[in-house]
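According to TrEMBL, the features are:
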type     : residues                                        : note
DOMAIN   : 1-99                                            : domain 'Dihydrodipicolinate reductase N-terminal'
BINDING  : LYS35                                           : NADP(+) binding site
BINDING  : GLY71, THR72, THR73, ALA96, SER97, ASN98, PHE99 : NAD(+) binding site
DOMAIN   : 102-234                                         : domain 'Dihydrodipicolinate reductase C-terminal'
ACT_SITE : HIS131                                          : active site, proton donor/acceptor
BINDING  : HIS132, GLY141, THR142                          : (S)-2,3,4,5-tetrahydrodipicolinate binding site
ACT_SITE : LYS135                                          : active site, proton donor
Amino acid sequence: MKIALLGYGRMGKTIEKLAENRGHSIVYKTSSGLKEDELKKADVAIDFSIPEAAFKNITTCFQHQIPVVCGTTGWLEKYDEAVKICKKENAAFIYASNFSLGVNLFFELNTQLAKLMKKFDQYKVDVEEIHHTKKLDKPSGTAITLTEQILANSAYTNWELKEENTSISEKTIPVTAKRIEDVPGTHIINYASDIDDIEIKHTAHSREGFALGAIIAAEFLKDKTGIFTMKDVLNV
Ligand SMILES: NC(=O)C1=CN([C@@H]2O[C@H](COP(=O)(O)OP(=O)(O)OC[C@H]3O[C@@H](n4cnc5c(N)ncnc54)[C@H](O)[C@@H]3O)[C@@H](O)[C@H]2O)C=CC1
Ligand SMILES: O=C(O)C1=N[C@H](C(=O)O)C[C@H](O)C1
């Protein structure tokens, strides 16, 4: 498979290494704007760039009917518009806030746990994410997905990023974002009561899980049209 890497930073470089080990070739890579003649050489594009660039990158791929896998976080206010353009251009698209198998299993666990906890209102939930200090967005896209899953399966009505010394209402899910050097990505869901806590946690040991998941998504998407999610790719 011929891959275009849109974003050649930490993730782009990890994807290049794993993709070549799986027999794919990187035919185009960029860390700035797109050269459309170069992009057109690819069977599929993988975007791990920056929030400001993702929408332009992926919609340019749609215009050339190049299937695109996007892992960039922090641009989702434009997701619905991207989906509309993808359908109009008869292109193919997968976005995921997290491509790792482990986190996608964790998403299922989180949903089931939220359903179970719904009737036990003595437990208060909070969501915490920890990432490296170079991360541009907060909270992480993964933390937002986890929080939205809890909202869809509980009596909570909204979420807020918790800054120090702020008080948060009963119906609001507090989300804490910590930045610690070199942490690839940790997510914790805690249900606390006066008597005990119940906690689930996912810890990424490196970026390889994210990169491998994105490559598997690209292998799935090549030669397809339409909008897909990691549930379609992994059958979870
Ligand atoms: N969905 C997932 O599984 C994961 C998502 N991410 C997300 O992926 C994104 C990238 O993460 P990292 O690789 O750690 O960041 P990074 O900062 O190492 O790499 C981003 C690269 O994009 C480049 N860039 C800037 N403008 C561009 C443009 N117009 N077109 C193409 N590239 C451009 C930058 O120069 C940089 O090299 C972030 O939004 C991060 O949150 C990261 C890991 C996993
Ligand atoms: O920026 C990162 O590094 C990561 N970003 C994604 C997110 O925002 O959820 C996924 C992963 O946790 C690493």
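Residue 1 is the first one shown; counting continues down the chain.
Cβ atoms here come from the backbone N, Cα and C positions, even for glycine.
Apart from GLY71, THR72, THR73, ALA96, SER97, ASN98, PHE99, the NAD(+) site neighbourhood in this chain, defined by C-beta within 8 angstroms of the site C-beta centre, holds CYS70, TYR95, GLY141, THR142, PHE210, ALA214. Here GLY71 (NAD(+) binding site) comes close to MET11, ILE46, ASP47, PHE48, TYR95, ALA96, SER97, ASN98, PHE99, PHE210, ALA214: these same-chain residues lie at least six apart in sequence, with C-beta atoms under 8 angstroms from its C-beta.
For SER97 (NAD(+) binding site), other Cβ atoms within 10 Å of its Cβ number 20. Among the recorded positions LYS35, ALA96, ASN98, HIS131, HIS132, THR142, residues whose Cβ is positioned under 6 Å from ligand 1 are identified as ALA96, ASN98.
GLY141 ((S)-2,3,4,5-tetrahydrodipicolinate binding site) has THR72 as its nearest neighbour among the recorded positions LYS35, THR72, HIS131, LYS135, going by CA to CA distance. Counting in whole angstrom, THR73 (NAD(+) binding site) lies 13 from HIS131 (active site, proton donor/acceptor) by their C-alpha atoms. Checking the binding-site residues GLY71, THR72, ALA96, SER97 for a CB within less than 6 Å of any atom of ligand 2 leaves SER97, listed in sequence order.
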